[in-house]
Amino acid sequence: MKKIRINELARELEVKAHEILERLPELGVTEKKTHSSSIDEDVAIKLRQYYGQDVPDYVHDPNAVDEPATEAHEERHEHEEAHEPAAAPKAAVEPETPVAPAPEAAPAAKEERPAPEEPARPMAPIRPPLASGRPIHPPVGATPPPRPEGPRAAPAPPLPPPAPQVPHAPSPAASSPAMPARPEPPAHHPPSQTPPAAVFAPGRPAPPSAKPLPTTTPRPGQVLSGPRQPFPSSPAPGAPQRPQAIPRPPQQVRPESQRPSGPGAPSAPQRPLAGQPAARPVVPPRPDLVAKLSAPRAPVMPQQPAAPRPGVPKAPSAPVPGQPIYRGPIRPGQPMVAKPGVRPGMPPSRPGGPRPQHPTSRGRIEPGMGAPPPPAEPSRGRPGDRRPVRQQRERTEEEKILRPQRRHVEAGPPPISREITISEGITVKELSEKLDVKANLVMKKLMDRGIFVAINQTLDGKLATEVARDFGASTATVSYEVEAMQSVEEAQDTTDLERRAPVVTIMGHVDHGKTSLLDAIREANVAGREAGGITQHIGAYQVEMKGRKIVFIDTPGHEAFTRMRSRGAKVTDIVILVVAADDGVMPQTLEAIDHAKAAAVPIIVAINKIDKADAQPERIKQQLSDRGLLPEDWGGDVVMVPVSARTQQGLPDLLEMILLVADMQDLKANPSRPAMGTVIEAQLDRGRGPVATVLVRNGTLSVGDFFICGAVFGKVRAMLNDRGTQIRKAEPSTPVEVLGLDSLPEAGDDFQVVTDTAKAKQIVNFRDQRQKEAALAKSSRITLEQLHQQMREGEVKELPVIIKADVGGSAEVLKETLEKLSNDKVKVRVIHSGVGAINESDILLASASNAIVIGFNVRPERNAAATAEQEKVDVRLHTIIYNLTDEIKRAMSGLLAPVFKEVYRGKAEVRETFRISKVGAVAGCQVIDGSIPRDSECRVLRDNIVVHTGKIGSLRRFKDDVSEVKIGMECGITLANFADLKQGDIIEAFATERVATEVFA
């Protein structure tokens, strides 16, 4: 079957290709087509007729030439034969075109009336088409033509309903040999009514119609086709005749079987003309169908031509000399009737106006004959067409061009309508879940900011806040431990809460007896083991009193351990403020009060050392009341208990008050939940590795639990209590030493047992990355302002120091203490601080930076000591913080430039001058003030003007050399490198001494 591309057909019809694609489903083409796809010739014929173009006669019947008759065609012919009238004499009639069947729902189309029978005309010889001609359209709403009896020929291709046509008179050459025409279908409309329009459902093919056959007089030399059986016809009286068709060019067709003629038709076969294939064999008709189709029908009333409707193009008329054959469909804005002076089918002349629209420009698609008017908007098309359609896109682009340009104003973020809680290291997926949006929307917001992330990638807290703001949500940033604790607390049951032991922190000034008081309670001797008799570590202990446990935390009282005291106040339930009765309130006592008030915990004052003779407890109460702590016996709410750590006086009363205050607070915990606590202290043990002292505040800590502690992830390998006994479980308010950390945590970090190890490792990596970035930011390139500042501070000396301590808290305290010693003359710079013994890497670092190494309660390793001796590195070891700070101060003083001071000795007056050979000028002088030492320096004053400064060459009394001449004595003085001495000059003796620089004035 011949095919044609949609692009070529669109250019031929002068329409857009997408309009043809939208029309294909209505013609029964359900396949997916594109602009470059091909369609069958029969579909192309329907499209040509739909758009009002003449169908060339050289387009042959594809079903009759290239393909055998299909089963569907056979059924259609059987259906047509079932509606044919009874057999009648065949007669040659004028050629006609197929008619569009009336809708099945139209009642007028179903009424059938018998038509008068006419004698059949003899069959004319069949000729091939010789010339193209316009299709001749039947009246609107006409019924299908009846079919004669006999064998069926190849079916004609289905065509859509053509446009109406003006009837013409029959040609005078009708008597010449011509092609037999099909019988005229009987009119099937009620009288004085407009014929109903044929309505086709979208996506269904138009009803088939027969192909028109031209009946024109053959020209000389024209080759005619073979004989063809005529069809019985019952023309309606007064029906308009069809015009003659233009001869078509010859075309090779496949031989067809000849239909047997009906009654009255000539039975003798016609002789085939030259070039015509042999006729098909004749098949006798079925008697039952002949009898059925030969039944008489009711006559049909003559039909008047329908008046043209607005918006519907009228049927194409015959060509007129001097006018174009194709006049095209009526376009938008074109009048239905041509104006005077305007040629039909041509655009009107517009002098000075714009050019007419291009023929292929987008126009309105006109419906076919009998079809309802199309909707206002182009809603046609196959189901599943992509939207928006091309027309909508073009219309939108035109509107953008035509309407005035407006300044683009970016819409601000939506108003805040909710608040979410985000933790550090939140991922894109977790943020989308909290915002209740899809993750791809969050990723799109990040891509708009130029940030490309994966769905499981962590986000910075500031960036997550900005993204949440774009979705109309405010954020509250909390740590991972706090968020995990909140989720656990929300899920826990109040019935699981049990009473826990109180945590008591002992605070006070140094040497006020804090550790001694705790030793008396624990019946131990911890203070005796402390270096210098002072506490330099924070410790936690558990004491049992009357079947109940009390946890004590001992904090240092030295001024350098402020952060330790602050850390102890944050994890405590009760603060015991120890004040010596013989010393009174001291600066660290006031600091401890401030820490306790900041932590909002109750305070119990223990007035210690009441066994001494000079103890004044009442004076202590007065001083504390001036600071806002009013005793109970004075009408206040602060419990004050006089105690003595040495004689254990008042200790039972102190413990009783601790339990009473704890009962008032109603301290409870849930032992069945995952454990959480606080790191009190951390140290690096040589045999056990990193060890952390943890106070469990809630839950139960067991061996084998995974935990996160700041930027450290680990697993509990072993636990030891305060007495060094290994345990398997630690209940709430229990201090334990935990082994199994990957690295050393910071003192004060939160300790949290986790179940999601992957999430915990992700948080640890995030924190570690942040710490590295912070360290890198400190060592980044300096700015120009910083360079100028360093140039201005070029006179400031710097003392680099490396600190190694036994525990992390001590290293932290030492770093802060030494940095506070810096002033405008000498600056102490701590290059590195760590925990553990002094190793070889510390020595090499000190050698490279010309620093000194300070070890606090640690010793250097063997290879480190050898390296330090080889590299000449100064290593200082200390156990008491007092001695350490004093030595650093001396080192700072030694860095400054020496200061020399002039010390006056005495002066002598020149009374006479002598000149001796081999010696030079000698001045005879008398000492008038002080003394003149021989090794001192001197200056010569003449009229109170210094004329020379130098050293004394020789000092003699008479003929003897002397070391010193005192006041009132005479002597002879010679000066080195100076001989211009005169009578009356003053020789002043002085000495230069080096004076130590005062660093701390």
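Residue 1 is the first one shown; counting continues down the chain.
Each Cβ is built from the backbone N, Cα and C atoms, and glycine gets one as well.
So that you can see what the record holds, here are the features copied from Swiss-Prot:
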type     : residues                  : note
BINDING  : 508-515, 554-558, 608-611 : GTP binding site
COMPBIAS : 70-84                     : compositional bias 'Basic and acidic residues'
COMPBIAS : 85-108                    : compositional bias 'Low complexity'
COMPBIAS : 109-120                   : compositional bias 'Basic and acidic residues'
COMPBIAS : 136-170                   : compositional bias 'Pro residues'
COMPBIAS : 180-194                   : compositional bias 'Pro residues'
COMPBIAS : 204-217                   : compositional bias 'Pro residues'
COMPBIAS : 229-252                   : compositional bias 'Pro residues'
COMPBIAS : 305-322                   : compositional bias 'Pro residues'
COMPBIAS : 345-357                   : compositional bias 'Pro residues'
COMPBIAS : 379-410                   : compositional bias 'Basic and acidic residues'
DOMAIN   : 499-668                   : domain 'tr-type G'
REGION   : 56-418                    : region 'Disordered'
REGION   : 508-515                   : region 'G1'
REGION   : 533-537                   : region 'G2'
REGION   : 554-557                   : region 'G3'
REGION   : 608-611                   : region 'G4'
I'd like the number of other C-beta atoms within 10 A of the C-beta of Asp511 (GTP binding site), please.
15
So if I draw a 10 Å sphere around the Cβ of Gly508 (GTP binding site), how many other Cβ atoms end up inside it?
28
Go ahead and report the DSSP secondary structure tallies for the region 'G1' (508-515): helix first, then strand, then coil.
2 helix, 1 strand, 5 coil
Give me the DSSP three-state residue breakdown of the region 'G4' (608-611), ordered helix, strand, coil.
0 helix, 1 strand, 3 coil
Looking at the domain 'tr-type G' (499-668) alone, can you tell me the average pLDDT?
77
Other C-beta atoms that fall within 10 angstroms of the C-beta of Lys514 (GTP binding site):
29
